[in-house]
Amino acid sequence: MAFANFRRILRLPNFEKKRLREYEHVRRDLDPNQVWEIIGELGDGAFGKVYKAKNKETGILAAAKVIETKNEEELEDYMVEIEILATCNHHFIVKLLGSYYWEGKLWIMIEFCPGGAVDAIMLELDRGLKEPEIRTICRQMLEGLTYLHSMKMIHRDLKAGNVLLTLDGDIKLADFGVSAKNVKTLQRRDSFIGTPYWMAPEVVMCETMKDAPYDYKADIWSLGITLIEMAQIEPPHHELNPMRVLLKIAKSEPPTLSSPSKWSPEFHNFLKTALDKNPETRPSAAQLLEHPFVKKVSGNKPLRDLVAEAKAEVLDEIEENGEVEEEEASDTPSSNKSVSQSALGEKDKHTGKEHVGNGIKAEPQNTDSQADIHSQKRNHEGKNYPEHNRHDAVNGKPDIIILNPVSSNHEPKRNSAAESYRNEEHGSAVSSNQRPKSSQSDRQSVELVPNGSFDSPTRYFTGWSKRDSDSGSNSASESMDISMNLSADLSINKETGSLSLRESRLHKKTLKRTRRFVVDGVEVSITTSKIIGDDEKKDEEMRFLRRQELRELRLLQKEEHRNQAQLTSKHSFQMEQMLRRFEQEMNSKRKFYDSELEALERHQKQQIERMEQEHALRRRDEARRIRTEQERDHVKFLEQLKLRKKELKAQVEKLPRQQRRDAMKVQMDDFAQKKHIEEQQFLNKQKEDLTLALRVIVLENRKEIYNKEREFLNKKQQLLRDREAVIWDLEERHLQERHQLVKQQLKDQYFLQRHELLRKHEKEQEQMQRYNQRMMEQLKLRQQQERARLPKNQKAEAKTRMTMFKKSLHISPSGSAAEQREKIKQFSLQEEKRQKAERLQQQQKHEHQLLEMQAECDCNVRDLLQMQNEKCHLLVEHETQKLKTLDEHHIQMIREWRENLRPRKKALEDELEHKKEEQEMFFRMNEEVAGHPFPSNKPAKFYSFSSPEAS
């Protein structure tokens, strides 16, 4: 103790405080760089980067999650993930290969999955998954979830991005960063955590109301949303802001597939069953394993084929459309449009066939060795951004799959491979023995050229490349059918002032992508074509910004979870401290009254012993005094007897001598006999008097002791009453203090919720401001491009119109040359007026667009503020209701406590009265025993009594 004070004075470091907490699965004594070699970067997560690592000894690959921590407290946030990974041992859950904490960085080494995440595969293939693939993934996910839930764990962040694929066609559930490890299977949680689009309604409600916690069935809802995501590339409500989607989930009906006809009834029924807003009726993972949608799934061939397609070699071929020559456009007859497009389509067909043939060595003569299969078209109804829908009309359709056997041994497998890649949307496929038809019409729909341009497109080849899905690369969307009116190529929309479809395609490129891979020994080649433009960059930018928003939300959730955990820990400590103080106060009061009772009993014992000693002395003195008096009386009595004897002798002496002797003898005998009788009677009387006197003394002593015992008993009972009264007061005060503490903790809880909600609202407003600013910038950029293109287009159109006007004058001449020049001059003036009107109309349209966009942005802000105010108001209502319920519960507890206090008081008084009766009965029995002629040797209950003189 002295050394501690000395150390405090000298401000020496406290080594006990710096003692680091040891974790079971985290090594602090080893540099991970000595064991693992970083060979690449896989991605950037919300809390750190993920690297591809290789074990220097075993060569095992791992995904290294490297997280920088500022202090030891942050390290605690990741322990649940490490413990879950270390505890779980299942075929469909990633394994923990090791974890290290070195130089302020936490390294989590996780099993590497070469197939990558499912969402990355969908972006790479630019399509959603087919139903057989979804069935297989769903089956494996359900088995993994069944194991997780049996281990009392909730994933809480199920989505396609957290489902990894191996080369063997198996899935691995990953990312347990926000998972919960429970003590009981049915344990509920109230943390608002996860990714909004995949959140269950009961999890969403926990943002403002903690009264309805959720359990493991929240994962079932996330599973259903993940299946929709895999079918449609994006989850439901993906077009909404991550914060605003929460309100949609809570208030709207469960989502469904956007194209019901594409999917089987079993799939629809499975989603309807899993996406039940009532968690009580929502089935568990084990129950869903018996659903017809996944019950008959056997094997993982669809996933093996999917991974093979995603990991295929890719040849990207970019065709850039040239500018339109104004002179050619004006001089070319309209009848040449179809000719030019047809010729170009035939040329492109041969060009494409040449490159595909070089890539896969196709033999056109062998009709049995190739098949042309149109893969399913991507559904853009739920596309993320409205700009995509504008360009759906210019995307091409053809997807070509060419199957070539690697050797003659694989000839029987051609048909099965073709069947596995049949068109899921239409339910049909071209058989392998059919000759592919000319793709001229399809190519025409893809590679349209502007009217009047006879120049062939410039081609760019990016070459074969190996694409890893886990690298997060995004590919372009598949081609779509188009229908357009070529006669409007040179026109300008009078209503909107926008450029024609032809002009919008002048600066676009056509991407033709060929994927080549092997399935069951059969080499498969898939070719897709699409029109790409600036919107591709916009889509990628919007996707990146959306991921950034989700990352910001994830960071907010993590910090909120940490603050919530700290507050919960603080509240638990406060409650434990208060209960400990209550116990100490109670024990202190009890100890005080127990010591008072002990002191009173000691004083009682001493007092009784002193009284008994005094009584013994008094009885002995009184007995001695009585005996002394009795001895004096006895001497006097003997003296009297002697006098009587002398008198008797004197009387006998008076008799004659002859009678004197006989008379003396008779008289003496008679006197001796009387003397003996009288003396015996006298002694007996003295003895009785002594016994009576001593008995009176004993009774007086006992009465005095009884009074003293009653006095002490009253004092004891008063102490007991005081002790119980103090205990009751303490109990009531403790109930009050406990209520005040719980009430204050509830206020602190809601204060933290309001604080976190305001932080979320600030982040929402910041994101909304960025979104509105981005929309305004895009609109201004588009308007600037339109303004820049308008003069050029007007010039080209004016030249064309002037040429046509001159030709009309030349065909039907009327008037002199001067009149024709005047007409041409008037036509030029009209063209200038028309162009000026077009410019004015465009300016007005742009101003109107800006006003509309500004109004839309303001409306978005108002809607956001209204939604935020509703959340705040709802939170305040919940707090008020919770406080009211808490007060009512406290009043009820006080009422019940007081009702229970009455029988406790009555029981105490009955017990005290019973003790009084026992004491009275005890002394009454002693008095009765004392009334017998023989002395009682029965020991006293309240005091000991011994008198040698009384015996």
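Easy rule for this one: first residue shown is 1, then count along the chain.
Using the three backbone atoms N, Cα and C, a Cβ is placed for every residue, glycine included.
Now, the feature entries from Swiss-Prot:
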- LEU42, GLY43, ASP44, GLY45, ALA46, PHE47, GLY48, LYS49, VAL50, LYS65: ATP binding site (BINDING)
- 319-330: compositional bias 'Acidic residues' (COMPBIAS)
- 331-343: compositional bias 'Polar residues' (COMPBIAS)
- 345-356: compositional bias 'Basic and acidic residues' (COMPBIAS)
- 364-373: compositional bias 'Polar residues' (COMPBIAS)
- 374-394: compositional bias 'Basic and acidic residues' (COMPBIAS)
- 410-427: compositional bias 'Basic and acidic residues' (COMPBIAS)
- 429-443: compositional bias 'Polar residues' (COMPBIAS)
- 785-800: compositional bias 'Basic and acidic residues' (COMPBIAS)
- 36-294: domain 'Protein kinase' (DOMAIN)
- 319-479: region 'Disordered' (REGION)
- 785-804: region 'Disordered' (REGION)
- 930-951: region 'Disordered' (REGION)
Tertiary neighbours of ASP44 (ATP binding site) (same chain, Cβ under 8 Å, six or more apart): VAL50
LEU42 (ATP binding site): tally of other CB atoms within 10 A of its CB: 20
Counts by DSSP class (helix H/G/I, strand E/B, coil) across the compositional bias 'Basic and acidic residues' (785-800): 16 helix, 0 strand, 0 coil
Across the domain 'Protein kinase' (36-294), average pLDDT on the 0 to 100 scale: 87
Listed in sequence order, residues with CB under 8 A of GLY48 (ATP binding site) and six or more positions away: LYS65, VAL66, ILE67, GLU68
Protein Cβ atoms within 10 Å of VAL50 (ATP binding site), excluding its own: 18
